[in-house]
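As given in TrEMBL:
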- H329: active site (ACT_SITE)
- N330, E359, D361, E409: Ca(2+) binding site (BINDING)
- H375: active site (ACT_SITE)
- 575-691: domain 'PI-PLC Y-box' (DOMAIN)
- 691-819: domain 'C2' (DOMAIN)
Amino acid sequence: MSKAYNFDWQIEVPTRLLKGDYFDRWDEENGSLEQNCLFRVDSYGFYIYWQSEGRDGQVIELSQVSDIRPGKAPTDPKIGADLMSNSLVYGRGNIDERTVTICSGIDFVQISHTNITGADPTTAKAWIEGLRKITHNHKANNICPTTILRKHWMKLSFMLNVNKKIPVRSISKTFASGRTEKRIFEILKELGLPSGKNDEIDPVDFTFEKFCDLYHKICPRTDIAALFDQLSGGKDYITTKQFVDWLNETQRDPRLNEILFPFFDTKSALRIIDRYELRANYRDRGHLSCDGLTRYLMSDENAPVFLDRLEVYHDMDQPLCHYLINSSHNTYLQGRQFGGRSSVEMYRQVLLAGCRCIELDCWDGKNDTEPIITHGKAMCSDINFKEVIHAIRDTAFVTSDYPVILSFENHCSKSQQFKLAKYCEEILGDYLLTKPLDTHPLEPGVPLPSPNLLKRKILLKNKRLKLEVEKKQLDLFLRGLDTEVYNDNDMDSAANVEGEDGPVVFADNIKLRDDDDEAHPELNVDINDDVNRRTILGQLGIKFKASSALSREEEEAIMSGYQYKGATTNIHPLLSSRVNYTQPIKFPGFSKAEERNIHYHMSSFSENVALQHLKQNSIEFVNYNKRQLSRIYPKGGRVDSSNYMPQIFWNAGCQMVSLNFQTPDLPMQLNLGKFEYNGNCGYLLKPDFMRRPDRTFDPYAESPVDGVIAAFCSVRVISGQFLSDKKIGTYVEVDMYGLPADTIRKEYRTRIIPANGLNPRYDEGVFEFRKIVLPDLAILRMAVYEETGKLIGQRVLPLDGLQAGYRHISLRTEGNFPLSLPTIFCEINLKSYVPDGFTEFVDQLNKPLLTKKSDESSNLLISNSLDPKLTLSASAVRRNRMLTDTSSAPTSSSDTKSIATSGASCSSINTITTSDGSNSASSLSVKCKTPSEIIIPITLEYLREQKSFLKLQHKQDKESIIMKKKHAKEQNLLGEQQSKILNKAKNDSE
């Protein structure tokens, strides 16, 4: 598009952080202490960097920083004593008040904690507030390749040795995967820099311009040079007209609205040339050099996605059920479902990553003291519920202001449930939504409130008592009559819970296992107990081994005997009264749910049960999700915490597709990549046809949806840059995920380029996704692998925000964190899908063409293509001018392709020269069925030359003359009649 978007990704860094402060850095794990380190942040907000006397410089990349929090004093007495002794020199205040903890990592589990202790509490507070302001800048994860190079240059400039110089080894390591050290040293020498293996470079001499020169000499962009030659026709520059044509035909998606996304014109092209062309003489003439084109292709203006999609751009005033919600399963676990470690830190990391629905499995603590969170009876460690609520309060609204849902799996006694409710009220305070909004009462037919109405609110998802039961028990509780309230042996408790009483009747002809209908399965025996464990394994015929960890054989055996136990139906009235818009019930069936029309009721489904519903009642499932919430969770057999593919449930409009965030597998990569859009706020508005009750949508549809135009997408992988720091072979895979009809995976991959991890050139054929039925739900994934199959980096790009043309795509880790340098250069083609046999018809609609068979004209054009000095006839010159004018007009990308015909011969017309020596048509390619066939655009001037037109015009002129004579004759006759009547009337009156 020619409308420039101001991609303001930078957040102003506070002055104090730019100037820096002295801190003592310490680490209890290895017992290290580094004193008097000058900590600073660069002006772009890329790095926290520091250096102390006698040590090398170090950095922490801010894109990998997840949290900044007040620290605690070290438990190691030696480190504590050293810190206190140093505080005698300049410190004021205790260590806790002066300490800052910086949490960083490239996944949600392996988190590094950097502890720094400052001179006084004021310094610590200033750094905590300042760093929090500039972290979670997800826009900075989408910077262009030029800025990425600057970022790496800055890193080299910060990681100085003890002499405050840049080691040549650090620079050579950057390029070692594609060139020999000897060649790198030679180029450094050419640039006038120290080039010995053990030499050092003064940071003042190693400017960004020098680094760019080094980059282009070691990694010449031959791929862009080839594109430039194609556009310029072998010249040293591209003209403004050529640039405009290329921008409109290749770099613009023809499906875009011409008003919202206007075509490029001369003015917008000159603006780009002025910005990226450094040669003044070229700029003055409106020309673009190869270097200028390279700078443009590596700029923010040529991003692979619409950068405004990185902000909140969806309508956030729709009901809550109209959004996909970023959701987590068993949030507390850091590893496997059996024997895994639970961690409070996981709640922090998941919320900071943008997740808006987290799970808390609540159980009674030992000796009925404090409620805990754990994977019950599955040999997992436990964590304190109260600590988790504190963590949620601190991190719930750091990344996003939109509502957070706490999905309680409540196995607690009533006395412990009271503590759950009290801790939520006391710790969360005003964040907790304790009662429904006045505008959205809990009544049948009333829609759910919108994310905007629930901003900075936390909702509880827990079973709720029937209203009359809740009111009665709450009144007794408030009056201190606790006997009935705390009765945990109520055999008929299910009858008191809304949506739990009576057998569930499925009117939708789906027969489900009872255990599959439970929201969360748990073992009904304690396998932490060796006696129980020995008994279970003995019954299964497996020898018992005394060990803290289950073997794979034991896990599989126990899973085969896994019995299910749902959450308690003995609900404390205080906890029940705090549940409003997310009330879980047993699924009553689609027909019954529609009949009830209660929007605040929701149900949870295991992936297997949800899949059954989708297969048998797909349209009903979509309609259910238009009205109320549904939550999908992994089946119990995923003991390794692997994830199911979320796409199929997104296709049905399921809002809370819960995944194991601790496992960065393919499903998790799709989830993180998809929710990166819309400001990473955790909510994505579903397409119109998945929200409106008057629209019908089948997620298994293979034909285009009413009102939605199917799309065509093709990808050509051209090259890679800085893919690895090792000399290894690499290849690229390109997959598409969406509706079942749209999903294509493991089909498209490039050839392996051996022994070059620096700048492999693939130049692969085009990978085509011919018919994408539902582009709004489709996701393109590109992944780079080592020749051994190990993933180097990947990128997930939702199709509704993808840009067409030649684009650099920066890669991410498995956990969707940005890799520092790796990118791939691709050509992406996007347009509307055209069924087989209609291509020529659509092309003629886009640019009306006339096929004229004329041996004379064809021979004339062919002879001129062979001899450019020949002078054409006036008619031919006029037609060629028409061709030139048409080629400069904005056209769709499909117009750049020649019309292919079977058994056709092709005439190539490179240049047609007129009598005045000017080029009337340049680089025009015409494909024809026979040598006597020429394609000429239909214009008004051309039609006026036709004999049939002249004949009709002559006939019209003749008829016009006859009509004028007839009209004059009748006018005279009428005048005579009127005169006679007037004379007669005059005579009669006399």
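Glycine residues also receive a Cβ, built from the backbone N, Cα and C atoms like all the rest.
Quantities reported herein were computed from a predicted structural model and do not represent experimental measurements.
Location within the structure of each feature annotated in TrEMBL.
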| residue | record | Cβ neighbours (10 Å) |
| --- | --- | --- |
| H329 | active site | 25 |
| N330 | Ca(2+) binding site | 28 |
| E359 | Ca(2+) binding site | 25 |
| D361 | Ca(2+) binding site | 26 |
| H375 | active site | 24 |
| E409 | Ca(2+) binding site | 24 |
DSSP puts the residues of the domain 'PI-PLC Y-box' (575-691) at 51 helix, 20 strand, 46 coil
Between E409 (Ca(2+) binding site) and H375 (active site), how many Å separate their Cα atoms?
10
For the domain 'PI-PLC Y-box' (575-691), what's the mean pLDDT in this predicted model?
95
Distance between N330 (Ca(2+) binding site) and H375 (active site) at the Cα atoms, whole Å?
8
Counting distance between Cα atoms, which of the recorded positions E359, D361, H375 is nearest H329 (active site)?
E359
Reported as an integer number of Å, what is the Cα distance between D361 (Ca(2+) binding site) and H375 (active site)?
7
Cα of E359 (Ca(2+) binding site) to Cα of H375 (active site), in Å and rounded, measures 11
